[in-house]
């Protein structure tokens, strides 16, 4: 399928909107009340630091809502204002934050149900309004909605769209797209739908398995068993790993994405030599600026002396999880929570350790002077961070 031609056709449809409805001023007050925080503004102005009695809070210097998320949420609010009576759907969560999605439900925005990992569009009717979330939607979903005669409001982050353009270039040149991402993440599903031949690698370990196979060190059967659910239909590692381009899910850990890119460049250089390298490998630059800024700020924060770290964001938020990984890699007590209510008045905290289920830790905040580092994912409003800090202050006073 010519996905580029389909996008161009869709963008010219009078039932498609990706620029909003000119109602920014009308929804500004609602957005400010729901998501912004004067306390967080004051902490920023005070060098990202707050001291209250024995408690010191250190905020990362880049955290919370990124531009793409702000844009998506604002467009969703504008959509409800522009279509006050119509049924409005979202193909998934608008962003990976429970409080934001709850606010949209309160505005009578409907969410497409998912059964067994498959979205059920049977309830969507001609004339309904459907919002595509910040991390995009697959080509197949867009086709279905367009053919059904829906009004499509596309809030896809421009950085995600940039990745789609990258994999389309790979496809045009008959290159396989190596996508650094989580195979079931909505953004990676969308990106792979725009690619031709593709292979998704989760991390550097999986990338090394692919590199080894390229250099003749792997076993075909075990390779296909490992990647059977992470590749395009009909993928043949003996045929489809000769010409590679690298792209990524925009919320992955920047340093790992860069290392994976360097690994495949070295691998193709080793196999084909410097003269033919450009015929077998395409360089890339699809790392989101906002993701990079938040990760860099987190690295700076963990270089300070903090007694513990609180990382705030949805449990299905990839960029939040990677912020947590940074703290854990430095041996810092770190707690990933999705809402302020996870911090309890009895000084316990319900949190999600990396790769584990929710657990409760007692005696969360230690006695005596304590410095708490705080960051939040790109889908977390300042108002949520404020409520977390308020709970920490209350605990420190007990």
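Glycine is no exception: its Cβ is also placed from the backbone N, Cα and C atoms.
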Site co-member for (2E)-4-hydroxy-3-methylbut-2-enyl diphosphate according to Swiss-Prot, given 96, 185, 250, 317, 318, 319, out of 13, 30, 379, 396: 379
Check: same-chain CB within 8 A of dimethylallyl diphosphate site center, minus 96, 185, 317, 318, 319, 379: 95, 135, 251, 313, 314, 316, 320, 321, 377, 378
CB within-chain contacts under 8 A for residue 317 (dimethylallyl diphosphate binding site), separation at least 6: 96, 97, 251, 377, 378, 379
Candidates 250, 318, 319, 379: member of the binding-site residues with the richest Cβ shell (10 Å): 379
Which same-chain residues, if any, lie at least 6 apart from residue 157 ([4Fe-4S] cluster binding site) yet have Cβ under 8 Å of it: 68, 69, 71, 72, 134, 135, 136, 250, 288
